[in-house]
Every structure is written in C-alpha cells, then in structure tokens.
C-alpha cells in the first residue's frame, strides 16, 4: 500500500508541475481550472459506485478496474496532440487515480482500528515527504527533454506496484476460503438481462449521469464565460447553466422519489458528525482550489523561480503535513478524541490563506509565501485526518467504504466549485489587468501573453512587460485568495456541528462479500 501511494505521489507531483506547460503548448493556459473541475467532478461521481463494487464484489475487482482507468489516462496523456485529447485523458486519469487511492484507503480501514486510523493514514501518506522533492526535480528534467515521458514512464511503473498488491489480496482471499472464513455466494439465478438491470439499479446509473452532467454544465460556464464572444450573454453559456441547473434539480428529485438504491447513503446525513465533517471538507476544498491551480505559474512569473523550485515550494504542504500527520495520529490515539484538533486547525488555516493575500503583492520575498504554506500544511493535514476519522466514527465496518466515499464526494464537489471560482476570477481579472498594465508597445500581444506561460517567462525580470505581468498576477491572485478566505471562514461554524466522539470501536471484523 505504501508503494502504491509512493508511485502515485511521485507521478502526481511530476504531472502537476508539467500541466501548466502542456496547456500552454496547446495555447490554452487559461483552461487549467477547466481540467481541474472535470477531474473533481468525475472523481465525485466515481466514489459511491466504487464503494459498492468493493462491498458487493471484491476489493481486488475495484483495484483492477481503477488501474485500467489510470493506465488509459496516462497513455492518452502521453500521446495526445490537442487540448481536447488532453482534457479527455485527464478524465480517465482522474477517475483512475482517485479510485486507486480510494481502494488503498479502504484496505487501510480493513486492517486498522478506529483509534489507530489516523496513524495508519499517516503511514500510507508518508511517501509525499520523499516525492515532494524528487517530483519537481524530475518534472524539470521531463520539461527540458520530453514531457510525454512524464506520463509514459508511469504506464510501466504503476502496474509493477499495483499487480503484486492485487496478487497479495487474492492470495489472502483464497487462504480465507480454505480456512472456512469466506463462503462462496450462491448464484443469483438472474438472466443476463436481469443482471444488467440489477446493476443499473444498484449503481444508480441515472443518478451518476445526472450528477456528473449537472455539475459539469453548471460549473464550467463560470470558467469559460470570460473567453466567450458575448461573455455571460452568449447563448451556449446560458444553455449550459440552465441545463446544468435542471440536471441538478432532477438528480435531487430522482434520488428522493425514484431511485430504489440512492447514489448517496442518505441515512448518513442524519448524523451531525458526518454532516459537519463533509461540510468542512467541501469548504476546505473550495477554499484551496480557489487559488491553487495557478500557484506554480504564479511562483515562476512573480519570483522568477524555475520549474523545480516552484515545485518544491508547492510541495511544502506534502512535506510538512506528511510529517505532521504522525503527530496528529498519535494525538488522536492518545486522547481517543479528534474534535479538539479541528478547533486549532481551522483558525490556523484561515490565518495562513489570509496572510497570503498580503504577502502575494509584488515586492515581498518568497519566504513569506513559504511561511504561509507551512501554516496551511499544519492546518490542512490536521483537518484531512480529522475529517476521515469523524465519518468513520459514525459508521460500522460494513458501511465504512460508503462513509469514506460520502466524504470524498463532498470534497470533490468542493474542489470543482473552487476550480470554477478560480477560473472565473482568472478569466475576468487577468485580461483586464494585462491591458491596464502592459506598456503600449506590448499591448497588442496581450492575448498571447495571457494564454502562454512560456511567453510570460520569456521576458526578463525587471523588464517593463514582465513587471506588468507580475502586477496583473497580483491582482488576480489576491482576489482568488480573498474568495478562499471568506469561504473558509464558514468552517468556524461547521466544526461545532461535529460531536466529541470517543474512539473505542475497532471496525475491523466481519465479512463483506
């Protein structure tokens, strides 16, 4: 499990640092939030059906399906020749990556007690400490040689770590059968047609479709409206918003009145601890993705650092939180409680992003940004562990996968909303700021500058054009951070909804399939 996390963390660090240059190569740097939104939405639509696969069939079945999606996404990314193909590749990549890690997290639940779960998650997340520094350096090399191998390499490496884990799980399943701990299910007796209909109902295909379509069509216009000819008055923008809103209303009505097996386990919503944890996660993800998508681009443009250095700064969260998670895990195990940690983490996170509003202005040292990232890492890592422990404390082992999936759905939807806010601010702020600050002799090139990170970096530090770009970035980034800070402030309310649960359950007994 540690090896899978390690490889996934390494490839994620590499590809996230390459993504701004890939989109710029297709003259579509402004589409970064669009890719992020689609990835978040597809992840949200994946978790609940995958949780049902893991419970109905087998942990290994879900693992193999997600590996196939992951590899398809990597292959398409490595071979794409247009921004459309790259976006499509990121859909498969997002489903596979999120789903694979979810499978590992569920196995972590199977093999740990509730009291020790924080430590278990800290252990599986610890590879980020290593890859935080190796990833950006590797990304720099791939950027200078051939970025496609940044994806292609992991088409080879990933199966080498996932398949042995798959084999190990199958071995222990076979061993359980021999020892009489696992009995074969009786055949259902359904025909092929009946089986297809059974799984359509069981996985709530209608609900998944309405949720995915609704979120995509409703959130994307906020990011792409600024590039439309008539802005918000464009017919296709209006149509997307209307259809998206109708799909979301249809999803709610279908889940309430039509679906025999709802997409979301609504009984969990009756638990205030689950509600509070999900609201904090959604708010945290919205706040984070309000500014994160353009963070490495900002570091390179404003502070003049290279790809690897920007990656190192962007990976501060992974390094600091990776170490800090062990402290949080021991604190939870030692006190048998987790809520008190949220009371510290939420205000600290708000302080971190609030300070970045001030320190992201031109003229400040990059050291202040690093300081803010450290605050965010301590707070964010604490919140992530506490959210997971909170929802798992409210469910038994049979429903643990569904509870974790429920939390992830809220988080991914939050990430999609945050990405749409980021894209909307970028689209409606940076072009105007560039036209305001660019010197007269460069004003005609503002569109090229806007869409291409390489063009932005081609102007030397101190050049009037580069200074104008820096000022424009400062305006956009400040507005993104203000939005993120205001949204995160609502978590000060959510954290009081969560009960102060004493962690005494083991949640590691029983047969699920």
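Note: Cβ is positioned from N, Cα and C throughout, glycine not excepted.
Cross-referencing 6-23, 60-77 with TrEMBL places the feature transmembrane segment at 60-77. Listed as Cβ neighbours of the transmembrane segment (60-77) (distance under 8 Å, sequence separation of 6 or more from its ends, same chain) are residues 11, 15, 50, 53-54, 85-86, 88-97, 99-100, 102-103, 148, 151-152, 154-155, 158-159, 162-163, 165-166, 169-170, 173. Within the same chain, the transmembrane segment (196-224) stays apart from the transmembrane segment (365-386): fewer than three Cβ pairs sit under 8 Å, each pair at least 6 residues apart. Here the transmembrane segment (365-386) has long-range neighbours at 118, 121-122, 277, 280-281, 284, 288, 299, 303, 305, 313, 316-322, 324-325, 328-329, 332, 338-339, 341-342, 344-346, 348-349, 351-353, 355-356, 359, meaning same-chain residues at least 6 beyond its ends whose C-beta is under 8 angstroms from one of its own.
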